[in-house]
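Structure first, then comments.
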Amino acid sequence: MTLLGTALRPAATRVMLLGSGELGKEVAIECQRLGVEVIAVDRYADAPAMHVAHRSHVINMLDGDALRRVVELEKPHYIVPEIEAIATDMLIQLEEEGLNVVPCARATKLTMNREGIRRLAAEELQLPTSTYRFSDSESLFREAVAAIGYPCIVKPVMSSSGKGQTFIRSAEQLAQAWEYAQQGGRAGAGRVIVEGVVKFDFEITLLTVSAVDGVHFCAPVGHRQEDGDYRESWQPQQMSPLALERAQEIARKVVLALGGYGLFGVELFVCGDEVIFSEVSPRPHDTGMVTLISQDLSEFALHVRAFLGLPVGGIRQYGPAASAVILPQLTSQNVTFDNVQNAVGADLQIRLFGKPEIDGSRRLGVALATAESVVDAIERAKHAAGQVKVQG
């Protein structure tokens, strides 16, 4: 039996978000729908989820002592990481002391580091992956590239949004690629992964829910990446029945091996009927924002339902849908959005995240659309995103 208290009362059920960006904001809103008390934590003030939380705190989430202090102050029943850059060793300690980390501290630690999740997938679970080598010095990095061959990709083992990544075509790029990887890691200079290039037809995110009533799958989400970040996503991505079956089997093995209840974003390469594991996030995925319009239960609603111990039952997908990011480039601490009236309409929505500032290029919103076909949905979403004029 799941017992939920009422927010701001003595018996409240408390959820602490570690990371309060646009994904955390939607998780907070879903918690609010169930009367759950929300505490939003991030490294900067006025982060999106803080706008819809009961309380908020600004800390360095890589500082384990600071993390412990805020947890001891708020006494959450659930700790919900939204990002990778967290003191995961402290999360493991807190979990050992009886706190509930979503989906579990081990999953958060393994997926924070590309080495942890790659070794789990390729070596323990024997899943198909790209060829790879790990290196912690420039000389070993050069040896790894020689072993993998050209072209290849180098990434810091701890980074996100394409930071520190280089597509290497020749030996002339090696020195610069190593230096860039050292600058782009979340925890500073360190270890890298060198990966062989996988030939694939498309990439998908298979949003996979591990819940009290079993493992559930959303329809596959296709997406287009640019500079390491997604630009558009769509659902459903068409693929063969055999490829879908293989994708679901890989995703099932990964989420059960990681453990815990919640939604996982399992990233896969698809080539014909073949499916290759890429990465996994133990939390809602940015490409999954399309589910805000494409499903009866968004990825955020599914995540909350799962980690609270509630059954999912089933997931209804409404048909072709797409998302397109609103990604301006400017510098401002007083952003405004003009021409919004032309970005909404029948089966056409936007979400503006409420980020407090921008300095360069930053994702500030997303357009969402449905249509008779995926192609039309993508075009509608892209057009709507382009209608929003960001000023500051």
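In case you wondered, yes, glycine gets a Cβ from its N, Cα and C as well.
Here the structure is a predicted model, which means the values were calculated and not measured.
Binding of N(1)-(5-phospho-beta-D-ribosyl)glycinamide is annotated in Swiss-Prot for Glu22, Leu23, Asp286, Lys355, Arg362, Arg363; the matching candidate from Glu82, Glu84, Glu226, Glu232 at the same site is Glu82. Spatially close to Arg362 (N(1)-(5-phospho-beta-D-ribosyl)glycinamide binding site) yet at least six residues away along the chain are Leu327, Pro328, Lys355, judged by Cβ distances under 8 angstroms. Neighbour density for Arg363 (N(1)-(5-phospho-beta-D-ribosyl)glycinamide binding site): within 10 A of its CB lie 19 other CB atoms from the protein chains shown. Set side by side, the binding-site residues Glu82, Glu195, Glu267 differ in how many other CB atoms lie within 10 angstroms of their CB, and the most is found at Glu82. On its own chain, Glu279 (Mg(2+) binding site) has Thr111, Arg114, Ile117, Glu267 as residues at least 6 apart in sequence with a Cβ closer than 8 Å to its own Cβ.
Cβ environment of Leu23 (N(1)-(5-phospho-beta-D-ribosyl)glycinamide binding site): Glu82, Arg283, Pro284, His285, Asp286, Met289, Phe300 lie under 8 Å away, each six or more residues apart in the same chain.
There are 22 other Cβ atoms within 10 Å of the Cβ belonging to Asp286 (N(1)-(5-phospho-beta-D-ribosyl)glycinamide binding site).
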